[in-house]
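Q: Structure below; questions to follow.
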Amino acid sequence: MKFVAVVDYGMGNLRSVVKALEHVAPADTRVRLMEGAEDILEADRVVFPGQGAARDCMAALRDRALIPVLTEVATTRPFLGICMGLQVLMDRSDENGGTDCLGLIAGGVRRFEDHQIDERGQRLKIPHMGWNQVQQTRAHPLWDGIEQDSRFYFVHSYHVVPSSLQVVAGTTQYGLPFASAVAQDHIFAIQCHPEKSAAPGLTLLKNFMHWTGGV
Amino acid sequence: MLAKRIIPCLDVDSGRVVKGVNFVDIRDAGDPVEVARRYDAEGADEITFLDITASSDERETIVHVVEQVAEEVFIPLTVGGGIRRVDDIRRLLNAGADKVSINTAAVFNPDFVREAADKVGSQCIVVAIDAKQVSAPGEPLRWEIFTHGGRKPTGLDAIEWAQRMVANGAGEILLTSMDRDGTRQGFDLPLTRAISDAVSVPVIASGGVGELQHLVDGVTEGHADAVLAASIFHFAEHTVEEAKQFMRAQGVEVRL
């Protein structure tokens, strides 16, 4: 039996993530919410979700002594970051007046600019909320079977700015094009919520279940 | 480009869908799970459940409804109606809801929105605003917040109230025109536009949809980020997919 750990560090509702993963899990795989370091280290693959503010997420990880554990699993087995689980992988976020993050991927996290307008002259709202397209900027096993420019469900006010374009796996247009998916070795991380993104989201999660890490 | 969202709304009373849903291929039109599954298959961008259960004994049923829907429908789910405490919110989120919609409780205790957003994050908090025009013909347009299904005025200016709710942490505004709700004459477009242009967060237009053109107008004239409708979908007059095809043909960006 194989285990997928969904890291539970008290940040947001993880039931949807677990349900969606269970929906696509192969018969020999169990999905488990895990909060303990030892449990997470035993998992075959790790999903790192998150909601809320960067500072709270980092504080929750620190309190639970999960920072070394995440660094370990993110470099040794398939690792999927979702939403805040993408943002806190970066070096630093501008949120909460500046928050040091995990530093697993080089780059920062910025807020969308206020008072931008779209192609039709309407105000771009923050949070960026709803179904937007992800342009796959490079091939990756997690994109298998997902059409180019498929729509996924987003809800966020900050977006990542990786230092290297090499790690960008997908971009999305919202006033400006931003990196909506990054991939680096065993890490794939995405800004949207695949667990709430209907068929393309479930396909991505299914691909993750079969991914061996790497490109 | 970000798509405009179409959100079917289900009224749920003691765990059953009310206000007749009339799909040919649905076995039990009162079963919220079956109806939600159907809307998902048609391409709904989110589903909103409005819990109108009056009896407090049966309030827990909406939690079970959400649990069951979340087992198999993988799009955002919002629940509104009767939410007064952070505990109510947590129970619904833990059951699989993504957002909750706070209405009356916000009017009677505006700090509740702040407390809720602090605890669960703004992205989960929708503030529902029921507004009614109070300006006389010829005067500059003005709307106020009403409670109790549009019967009780509060004296609160709708635009100021919306801005205050956003400042308190609302991640989204669900705006219902009490003048138009149930009339099938279309959204109150000046109201929708005034609120949407006045706040930084997304606005869902609600109240009055009777034909597909109304959905288009809500977005193009009303500047809404999403449109919510109940009866045109419930009675199978139109599928969500038809609505989206229609909107796309009018140049509105939708998810199809």
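Cβ coordinates come from backbone N, Cα and C, glycine included.
What TrEMBL records for this protein is below:
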DOMAIN    A:6-209  domain 'Glutamine amidotransferase'
ACT_SITE  A:C83  active site, nucleophile
ACT_SITE  A:H193  active site
ACT_SITE  A:E195  active site
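Help me picture where these features are in the structure shown.
A: Over the domain 'Glutamine amidotransferase' (A:6-209), the average per-residue pLDDT in this prediction is 94.
Other Cβ atoms within 10 Å of the Cβ of A:C83 (active site, nucleophile) number 26 in total over all chains.
Other Cβ atoms within 10 Å of the Cβ of A:H193 (active site) number 24 in total over all chains. In the three-state DSSP assignment, the secondary structure recorded for A:H193 (active site) is coil.
A:E195 (active site) has a Cβ environment of 27 other Cβ atoms inside 10 Å.
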Q: Looking only at C-alpha atoms, tell me how far A:E195 (active site) is from A:C83 (active site, nucleophile), rounded to the nearest Å.
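A: With the alpha carbons as reference points, the distance is 11 Å.
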Q: Distance between A:C83 (active site, nucleophile) and A:H193 (active site) at the Cα atoms, whole Å?
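A: Here the two Cα atoms lie 7 Å apart.
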